[in-house]
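Take a look at the structure below.
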Amino acid sequence: MKKVAIVGLGWLGMPLAMSLSARGWQVTGSKTTQDGVEAARMSGIDSYLLRMEPELVCDSDDLDALMDADALVITLPARRSGPGDEFYLQAVQELVDSALAHRIPRIIFTSSTSVYGDAQGTVKETTPRNPVTNSGRVLEELEDWLHNLPGTSVDILRLAGLVGPGRHPGRFFAGKTAPDGEHGVNLVHLEDVIGAITLLLQAPKGGHIYNICAPAHPARNVFYPQMARLLGLEPPQFRNSLDSGKGKIIDGSRICNELGFEYQYPDPLVMPLE
């Protein structure tokens with residue numbers, strides 16, 4: 001039985017843990033509160049208290065138990081803005097250093113397509129990164145640091161906008177006026193992210209960088225009003241910006257071509273969302 005440690009048993013990490021456990025993996029994980037630890041344990045996931053303040057705070061015995069694994073999956077989201085970005089960078093680096101000290105051979109890090117910034121047109125993994133937010137810049141720096149680590153295999157998944165239970169896109173712009181209505185959406189369902197991580201854990205070696213994004217990209221001025229109506233909310237209004245370019249379309253096909261991955265939910269218009 002393979003062992004996997006998941007740091008960040010949140011919206012993505014907890015369903016991932018449950019899915020891997022059901023597949024026969026031995027899963028450990030971390031939460032930032034004692035109540036969260038107990039809730040995870042009640043769900044059958046061996047969990048430990050781990051905080052970033054900004055330094056990594058975890059009981060040494062708990063850290064040893066958490067890091068007794070064949071792979072580490074880091075699903076901690078970077079903050080969108082505000083102070084703490086440098087804390088996130090420091091804490092993740094400390095976490096990875098601890099994993100290396102415990103000789104974990106495989107690391108998977110969930111990054112974001114925000115590292116591409118305002119890129120235009122089709123965006124592939126080889127597209128130059130040009131983040132425009134603090135969190136995007138921190139993720140870019142972390143990606144570079146992880147990619148150059150000696151003695152371990154790191155996979156980086158650049159996730160598009162996440163949707164699924166509790167994250168219905170009909171709420172994103174309901175009742176608002178927003179720009180760039182003609183631009184396509186870049187979204188991915190929770191289950192497809194879980195599927196991609198599971199596939200990578202089963203792959204013989206790492207070192208991959210993949211965009212994870214649904215293949216279909218309906219226009220914002222079609223998609224978001226339809227999603228809002230499904231919830232009985234006021235549809236958003238979109239204005240077409242003459243100077244905003246054609247927008248970016250995240251190409252998530254490389255993982256399909258290289259590893260045979262198949263998106264369960266390729267079209268955001270028909271994804272199960274609640």
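Just so it is clear, glycine is given a Cβ too, placed from its N, Cα and C backbone atoms.
Source: prediction; values computed, not measured.
The signal peptide annotation in Swiss-Prot covers 1-24, and the record cites sequence analysis as its basis. Annotation source Swiss-Prot lists ATP binding site at GLY170, ARG171, PHE172, PHE173, ALA174, GLY175, LYS176, THR177, citing sequence analysis.
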In sequence order, which residues at least six apart in the same chain have a CB under 8 Å from the CB of ARG171 (ATP binding site)?
ALA228, LEU231, LEU233
Same-chain residues six or more away whose CB lies under 8 A from the CB of LYS176 (ATP binding site)?
PRO236, GLN237
Position of peak Cβ density within 10 Å, selected from the binding-site residues GLY170, GLY175:
GLY170
Let me know how many other Cβ atoms fall within 10 Å of the Cβ of THR177 (ATP binding site).
10
For a quick check of packing: other C-beta atoms within 10 Å of the C-beta of PHE173 (ATP binding site), how many?
21
Once near-sequence residues are set aside, which residues in the chain of PHE172 (ATP binding site), 6 or more away, have Cβ atoms under 8 Å from its Cβ?
TYR224, MET227
